[in-house]
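Visitor: Sharing a structure here in structure tokens format.
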Ligand SMILES: C[S@@+](CC[C@H](N)C(=O)[O-])C[C@H]1O[C@@H](n2cnc3c(N)ncnc32)[C@H](O)[C@@H]1O
């Protein structure tokens, strides 16, 4: 790939056709091509912009094309979306350049036959740019929001019914915000203050998070994995929601702890650090390749108490001695991390239907491994009551050997949803974290 737009197109097609995770796909695509920093930044801006605005762009392209977008090939449609995105949202790119580059892209990418069509649609969009029609918010309120925020109607309805109108708008808007990057300081190897100095020498600005020890926000990071202090195991990247979850989990040195859905290991690393690398931390995941990631991370961070292994938390075949604390950070629909992975919002409603049963099964099976007086945590990175409070609620109703464990929140964090003290829903537009859910239980 010789230029930014070819790289963006290749990555977009990969996400469309092979359903890859956007962050991983983009990193791999950019690593494989020899673009300078400026071109990488342009490829990334177009890639994420087009993903974030997919439904809006489709709606607008549909007004200037006789062929409906559903009938277009993935290549042609992505090239059109990229062209329209540059015309509508990237002011620094001259509109004529956006058209010419789109036509060239078609010629270079087995879509030469469609180059005339692409040219015509994009030129028509430019000619009519002040007359683009959007759905009427009065007569079609849901469709209007869906097109404005590029979000499927089912998800808008779900958020409005679950969290109220204002919160739904806040969530829709937050999906377009640049996600902050947080690091968790490996306090066993370096202090916050010294890490900050090291990062500064490596060209990374960091500021500490006043309400959470060993948490810092990073700016101007570039590629973290190439950074020397990262390679030396002085920190790992972890959103504040997960860091807060580990803080509330409150593991103590010397305890026996289980993290039953652990890969890639972010929470296990923070928990082991909070345990001062003393005790036992069993870190399980269903997939061998993912367990390898936990081991690699633990090795880099020099966290020797982590014992990573393959194990199906929904159907564990072997008995284990009970633990003081068990964390179920279950697989979920990921509706809380849309600003990091915009493709998540285009999942169909039915694609996430089976998750609550799996999540409930994991929670029930894992509860068997909690000592008397021990703690059980359930967490997700989604904003969907079916996967969150309904699972937690059902668990309590069906397990009278467990009781709700009220969460003692830092002063800076308050409940944004109407929920009991043993649950916490975090929202990007309220807390500045990823969308996240925690429920805590104590074995009687
Ligand atoms: C939300 S992620 C965990 C993130 C992790 N706790 C962290 O902080 O880095 C959920 C994990 O559960 C794993 N998983 C899915 N089904 C599972 C099962 N039945 N048993 C164990 N792990 C499972 C997935 O492979 C995925 O790595």
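Cβ atoms here come from the backbone N, Cα and C positions, even for glycine.
Got these off TrEMBL a minute ago, pasting:
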| type | residues | note |
| --- | --- | --- |
| ACT_SITE | 381 | active site, nucleophile |
| BINDING | 261, 262, 263, 264, 265, 266, 267, 285, 312, 329 | S-adenosyl-L-methionine binding site |
| DOMAIN | 171-444 | domain 'SAM-dependent MTase RsmB/NOP-type' |
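Tell me about the surroundings of these features in the structure.
Guide: The Cβ of residue 381 (active site, nucleophile) lies under 8 Å from the Cβ of 241, 242, 332, 334, 336, 337, 434, 435, 436, 437, each of these being in the same chain and 6 or more residues away along the sequence.
Under the three-state DSSP scheme, residue 267 (S-adenosyl-L-methionine binding site) falls in the helix class.
This prediction places the mean pLDDT of the domain 'SAM-dependent MTase RsmB/NOP-type' (171-444) at 96.
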Visitor: Given that the record lists 261, 262, 263, 264, 265, 266, 267, 285, 312, 329 as binding S-adenosyl-L-methionine, what is the largest C-alpha to C-alpha distance among them, in Å?
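Guide: Greatest Cα-Cα span of the listed binding residues: 19 Å.
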Visitor: Judged by the number of other CB atoms within 10 angstroms, which among 261, 263, 265, 312 is the least packed of the binding-site residues?
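Guide: Lowest Cβ count within 10 Å among the binding-site residues (261, 263, 265, 312) is 312.
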